[in-house]
Amino acid sequence: MSSSDPKTGPKPGPWPPAPESSAMPPSTWAKRTGFRPKFSGESAASDSGQASLPASVRARQPDNQPDLEAGQARPRPPPPVAAVANGETDKDKNEKTQPPPPPPLPRPPPAAAIAPVKDQPVKRRRDSDGAPGRSNGPDGANGSGDPVRRPTRIEENVEVLPQSMDDDLGARSLHMKYGLRDTPGLVPIGFYGLQHYLSMLGSLILVPLVIVPAMGGSHEDIANVVSTVLFVCGITTLLHTSFGSRLPLIQGPSFVFLAPALAIINSPEFQGLNGNNNFKHIMRELQGAIIIGSAFQVVLGYSGLMSLILRLVNPVVVAPTIAAVGLSFYSYGFPLVGKCLEIGVVQILLVVIFALYLRKILVLGHRIFLIYTVPLSLAITWAAAFLLTEAGAYTYKGCDPNVPISNVVSSHCRKYMTRMKYCRVDTSHALRSAPWFRFPYPLQWGVPIFSWKMSLVMCVVSIIASVDSVGSYHASSLLVASRPPTRGVVSRAIGLEGFTSVLAGLWGTGTGSTTLTENVHTIAVTKMGSRRVVELGACVLVIFSLVGKVGGFIASIPQVMVASLLCFMWAMFTALGLSNLRYSEAGSSRNIIIVGLSLFFSLSVPAYFQQYGISPNSNLSAPSYYQPYIVASHGPFKSQYKGLNYVMNTLLSMNMVIAFIMAVILDNTVPGSRQERGVYVWSASETATREPALAKDYELPFRVGRFFRWVKWVGI
């Protein structure tokens with residue numbers, strides 16, 4: 001039977017009406033953690049701010065759910081139009097909190113008075129929620145005047161990185177202690193500057209502690225290279241905060257350059273060298289390759305080509321590329337920790353406990369354990385190892401740890417030489433032999449040697465380093481600046497990074513200088529976004545580099561502790577790379593497949609190149625943790641040009657290169673909407689004229705920018 005009669009109008013239904021099924025409320029874990037997926041059933045209303053709107057207002061909102069696979073919004077079919085009785089639909093009745101039983105319904109009006117809902121003016125829709133005094137107002141009162149009972153929500157302050165330019169722009173300053181252009185007092189600047197650099201201690205000092213021993217350098221060489229790295233980091237950071245992106249980003253020896261440096265160090269032509277001659281010769285080869293690769297990066301940035309490359313670089317490209325950098329060193333991490341498990345495992349456990357379990361403990365208002373994870377864990381483990389060494393735990397009768405293992409004749413001592421070398425803390429004489437004052441100077445290792453095949457490898461690596469920096473620029477700008485930088489500012493910053501890497505090559509740090517990825521995590525944890533803090537810390541870094549004992553002290557860190565810290569740093573590097581997916585739709589099958597393929601083949605393809613031509617019984621001179629980097633001597637790419645063989649075998653054995661190639665091709669050829677791909681949103685150049693804050697954030701100091709206004713592609 002029909003529910004309405006054309007003569008008498010619609011018949012009233014039974015009272016009370018059957019309630020409609022409502023969506024399940026957000027689960028408890030989502031409330032606690034602040035989890036807000038972009039296109040889940042829980043966040044469709046909360047993200048757009050509709051959860052707090054009345055039901056009648058939500059009914060007017062267009063109910064379009066984006067179809068991630070089709071790349072466009074897929075409208076739902078409109079609900080059937082309900083008949084109106086007394087200006088109120090059955091749906092509107094059901095959305096209200098049920099009042100006490102009403103009096104008998106009046107006789108419905110004739111059919112001529114009935115009008116469909118769509119013909120009613122929108123401005124009167126609010127009145128259709130009920131009679132005056134009984135509507136669901138924004139104050140939470142229902143029609144009877146009683147407040148609507150809502151579930152109590154216990155919120156936890158969960159620190160998350162911003163996900164877009166529109167994500168809490170106004171609340172950003174509430175989470176940061178100091179913004180980009182803030183200048184706190186001298187005491188806060190000094191305190192926060194020291195805190196900022198101590199929190200990134202591992203990223204600044206660990207790379208030279210890996211490459212110098214691989215080159216055959218002595219403890220004195222390690223101390224000198226560490227001092228040089230500190231000096232160059234301070235100078236390049238000052239240049240970048242003044243004439244680069246102007247964001248509070250520390251420049252230093254990035255892990256991106258570590259794999260190609262190890263590949264060059266383990267080249268076949270260097271296997272016959274030994275001792276100090278080996279170190280100086282390889283360092284000069286590295287200097288030449290870094291200078292040429294960095295010069296290519298300068299051209300990439302200042303010519304404006306980087307603005308074109310930015311169209312191909314999106315979060316789905318940056319995430320697997322940077323993650324592959326951290327995953328590529330798995331063969332170096334724990335195999336070296338296993339040389340002295342009681343020291344290395346304790347170091348790893350302390351890092352995990354401080355960074356995770358004790359991260360929310362406040363000491364004098366600061367999260368000491370989270371901010372100083374690396375220096376605290378290193379100090380405790382080093383002290384414990386010193387006590388064990390002094391107690392004689394690693395002392396064996398008739399055995400001298402300072403004698404090379406090749407000169408040891410006794411089988412008893414040979415058995416314990418490895419344990420003595422890696423567990424004792426007094427085997428290094430770098431602190432005693434280091435001078436009190438040493439000024440790092442250019443070309444201190446000799447004139448650089450330029451080789452086209454090694455330089456070509458570094459040119460490709462400089463592109464990946466630029467991709468890494470692009471992700472850091474965007475993420476840090478959402479934390480500290482008014483808006484993301486323009487494409488011209490990004491190009492200018494990449495060009496300056498190339499110039500600072502040329503300085504690193506001239507001074508001989510062994511790697512290029514680029515924006516450290518860990519900057520984003522440090523800014524989010526310390527809540528310090530002032531560039532003045534970073535600049536003062538850079539000046540202190542330059543002063544420390546002139547004190548030779550500082551470099552000698554850092555060079556004295558036992559190698560097992562270095563490997564333990566690197567396990568944490570590389571894991572952090574991987575996680576920071578994958579965190580770039582928060583700017584895209586991480587739940588889209590398109591992005592999941594692209595990232596999964598890029599990561600898998602970044603591990604599988606290099607493994608094929610690294611294992612090609614090596615039999616299980618091969619007697620390789622290099623240690624097991626260096627074997628992935630000797631592929632140039634036995635790779636599968638073979639042609640009549642030995643230089644081309646070297647370049648192809650070396651590049652295709654690098655995990656980050658394979659991940660970058662896979663991600664760039666797939667992300668720019670597989671169809672997907674801008675929202676799904678998470679295309680980086682950079683500020684337009686015209687915005688600077690409308691918003692003075694943007695110009696103040698990124699304009700060059702001392703009115704230098706007015707001399708380069710004609711260079712549109714590297715300006716604001």
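Using the three backbone atoms N, Cα and C, a Cβ is placed for every residue, glycine included.
Quick caveat, the model's predicted, so the values are computed rather than measured.
What TrEMBL lists as compositional bias 'Pro residues' is 9-19 (among others).
Residues annotated as compositional bias 'Polar residues' in TrEMBL: 43-53.
What TrEMBL records for 98-111 (among others) is compositional bias 'Pro residues'.
According to TrEMBL, the compositional bias 'Basic and acidic residues' annotation covers 120-129.
Residues or ranges marked as region 'Disordered' by TrEMBL: 1-151.
According to TrEMBL, the transmembrane segment annotation covers 197-216 (among others).
Sequence-distant neighbours of the transmembrane segment (222-240) (same chain, 6+ residues past either end, Cβ-Cβ under 8 Å): 204-205, 207-209, 212-213, 246, 249-253, 430, 433-434, 438, 440, 444, 493, 496-497, 499-500, 503-504, 507-510, 513, 515, 534-535, 537-542, 544-546, 548, 550-552, 554-555. TrEMBL lists 222-240 (among others) with the feature transmembrane segment.
Away from its own ends, the transmembrane segment (286-305) comes close to residues 257, 260-261, 264-265, 445, 448-451, 454-455, 457-459, 461-463, 465-466, 491-499, 501-502, 504-506, 508, 510-512, 713-714 of its chain (Cβ-Cβ under 8 Å, at least six residues beyond either end). As annotated by TrEMBL, transmembrane segment applies to 286-305 (among others).
Taken from TrEMBL, the feature transmembrane segment covers 312-330 (among others).
Panel annotation: around the transmembrane segment (336-357), residues 369-370, 372-374, 376-378, 380-381, 384-385, 388, 418-419, 421-423, 558-561, 563-565, 567-568, 625 of the same chain, lying at least six beyond its termini, place a Cβ under 8 Å from a Cβ of the stretch. Annotation comment: TrEMBL describes 336-357 (among others) as transmembrane segment.
For the transmembrane segment (369-388), same-chain residues at least 6 beyond its ends with a Cβ under 8 Å from one of its own Cβ atoms are 195, 198-199, 201-202, 342-343, 346-347, 350-351, 354-355, 358-361, 394, 423-425, 525-526, 557-558, 561, 564-565, 568-569. Summarising the annotation, TrEMBL assigns transmembrane segment to 369-388 (among others).
The annotation transmembrane segment is assigned in TrEMBL to 445-467 (among others).
According to TrEMBL, the transmembrane segment annotation covers 533-554 (among others).
Sequence-distant contacts of the transmembrane segment (560-579) (same chain, six or more residues past either end, CB-CB distance under 8 Å): 161, 202-203, 206, 209-210, 255, 318-327, 329-330, 332-334, 336-337, 339-340, 343-345, 347-348, 351-352, 355, 373-374, 377-378, 381-382, 385, 422-423, 471, 475, 517-518, 520-521, 595. Summarising the annotation, TrEMBL assigns transmembrane segment to 560-579 (among others).
Annotation source TrEMBL lists transmembrane segment at 591-609 (among others).
Taking Cβ pairs closer than 8 Å, the transmembrane segment (646-666) reaches residues 256, 259-260, 263, 267, 312-313, 316-317, 319-325, 327-328, 453, 456-457, 460-461, 463-464, 467, 594-595, 597-599, 601-603, 605-606, 609-610, 628-629, 631-632, 635-637 in its own chain, all 6 or more past its ends. Sequence annotations record features per position, and here TrEMBL assigns transmembrane segment to 646-666 (among others).
When Cβ-Cβ distances under 8 Å to the transmembrane segment (312-330) are tallied for each of 197-216, 533-554, 591-609, the top count falls to 591-609. Within the chain carrying the transmembrane segment (197-216), a Cβ under 8 angstroms from the stretch's Cβ atoms is held by residues 222, 225-226, 229-230, 233, 250, 252-255, 257-258, 261-262, 265-266, 273-276, 278-279, 282-283, 332, 371-375, 509-511, 516, 518-519, 522, 525-526, 537, 540-541, 554-555, 557, 559, 562, 565-566, 568-569, 626, all 6 or more beyond its ends.
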